Amino acid sequence: MTILFCGSTGEQITLTNQINSSGEGTVWQTDRTGYLAKVYHFPDHERVEKLKVMVANPPKEPNSHLNHISFAWPKSLLKDSNGWVLGFLMPAITGSLELLNVYNSKRRMDLGLGVHWYFLHTVAQNIASIIQAIHAESYVIGDIKPQNILVNNRALPSIIDTDSFQVRHPHNGQVYRCLVGSDGFTPVELLGQDLSTVEQTEVHDCFRLAVIIYLLLFGEHPFKGQWTGKGDSPEPTELLRRGFWAYASNSLIQPGPHTIPLNVVHPEIQQCFLRCFNDGQTQPDLRPTAQEWKKALEVARNQLIACSSVDSHFYSQSYGRCYWCERASNLGVDIFPGRAIPIQMSVVNAPQSQSKIFAADNVSELLKEKGKEITVEGKVVTTNTHPDTNKYILNFGRRSPNSNYGYFRIVILSPNIQSLSEFIGIPLNSLTELVGRDIEVSGDIEIRQLKNRSYPQIVLTDPKLPTEKKESKPIVNTKRTRVSHQYPSTNKATAANKPLAKVKTHKTPNQPSNQVINLDQNYYKQGSDCVKLGDYHGAIQFYNQAIKLNPNNALFYRRRGNSFFYLKDYNMAIGDYQRALHLAPSDIKAKSNLTIALERLRNQNKGNL
């Protein structure tokens, strides 16, 4: 074992296991939990001076609130017993994979990663956010490439090999240059130059960032395609030098049969690529900045729509249909494989004929049809779940303060949510998928008076519900349309393969501009939204996903415990409150809720004696 000394504290640091080696140096595990050591083969004076500047001037960690390390920055110098600097101590990045394993479809499938286009948009946006933070501190990354970016299962990236960054001394202006570059990621104006003599700017990083984002969204390098010129295709670096990519004017590169077309992404993303690879070819300052990329990706991500046919497909609203279904049909290959989503649900004993179909929003006409068996068609606006009364409601409108009418409703009576799923023919994790869908239902119109308003409704009764004497004879059909809300996947086979992400919503709440997107918080927000609607089963599913990604968040357990409490599953609620208190012993709400749940459980057990 090798023993070095921390330059900041003088404490001994023991190098235990070598985990990587390169022409520059070696990387070691240490006896300090959470820290690695990098030891140079030849720690020259300039390299040591650069490290001193980096240790003294670390950039602000933009994601400390997420307990995440965005860049493996030098923490302290490492010296030998004679005081010579040999390397540095840096934080270890754990639980992450190289970017190549995320954007390359074959690698994803080989590793069994449940990655989809929504996840890739999120990763791209988060990378842009981190690079924006680095540029704000006047650092230039220089060697941006997939091997230097790691991604975890929350779509949070980390940049490694930070000692290769270009660094400027904040006091005397001395520049310590980035000496390395990578083929395919070096902008045209730097090709063939000696990087040891070039002072780079964020403009150069912006080209590299664009290539990374293209890889994430399209799965291949932008300067790649079918060569239409004479002879053999030039090397990729020469294509880049000449500005030949599939969407440049007069380009000799055309999209291949497996190339994903540019128009499948949001128009703002399209414009960013055109600015970078076309305008930026001769005018580098026109390339989009990291901040501009982040804003464009946020717009694009918020307009992704979940496919109504396959649960792992997302497509841009601007494209108007699921490109991945089209591609799978045309090529026989699905790079985002998932499960088919049922597009119809039905209930037995349908009426044989209907003379007229009524619009769900024509409430005044529906009220006149009281007691008649009719067919109604309209779009579901919201859903409500009332497990205590075995009632599940689809609402086709919202209450207007200026009207004496309510809105049309479908009330489904079923013993439990599992029975409901079987009754209407859709899986448990897709119940709220009905929001935003056009539905046609047949049955007897009833009038429900609520707070001086009349609500026309059709009641569907599950034959397995013993307490109901009346059984309606409805048929319910859903038409294929875009899904605006969908539960996270609960595919056990996928879960066993440790998917990187299983989020299934096409739009997430707006995030603060200086933060990356955090998927566990998105799941938590979706769970809270379900609670507001009284859908406690749905809330539990979302909280399950949040806890899977972040098992150390006490709030997630407490909120899931509340949902179990509302469902009168006090044993499960007690377990969650106890986990919350284990993580956060001072959580007053968890203590209070635990006391109440224990009392309710005792009373429940007494009643069963």
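From the backbone N, Cα and C atoms, a Cβ is placed for every residue, glycine too.
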(request) May I ask you to indicate which of 369-388, 469-488 is given in TrEMBL as region 'Disordered'? (result) 469-488
(request) Could you pull out which residues elsewhere in the chain have a CB under 8 Å from any CB of the repeat 'TPR' (554-587), counting only those six or more residues past its ends? (result) 387-388, 520, 524, 527-528, 531, 536-537, 539-540, 543-544, 546-547, 593-594, 596-598, 600-601, 604
(message) Using DSSP, what is the helix/strand/coil residue split across the repeat 'TPR' (520-553)?
(response) 27 helix, 0 strand, 7 coil
(request) Using DSSP, break the repeat 'TPR' (554-587) down into helix, strand and coil residues and give each count. (result) 27 helix, 0 strand, 7 coil
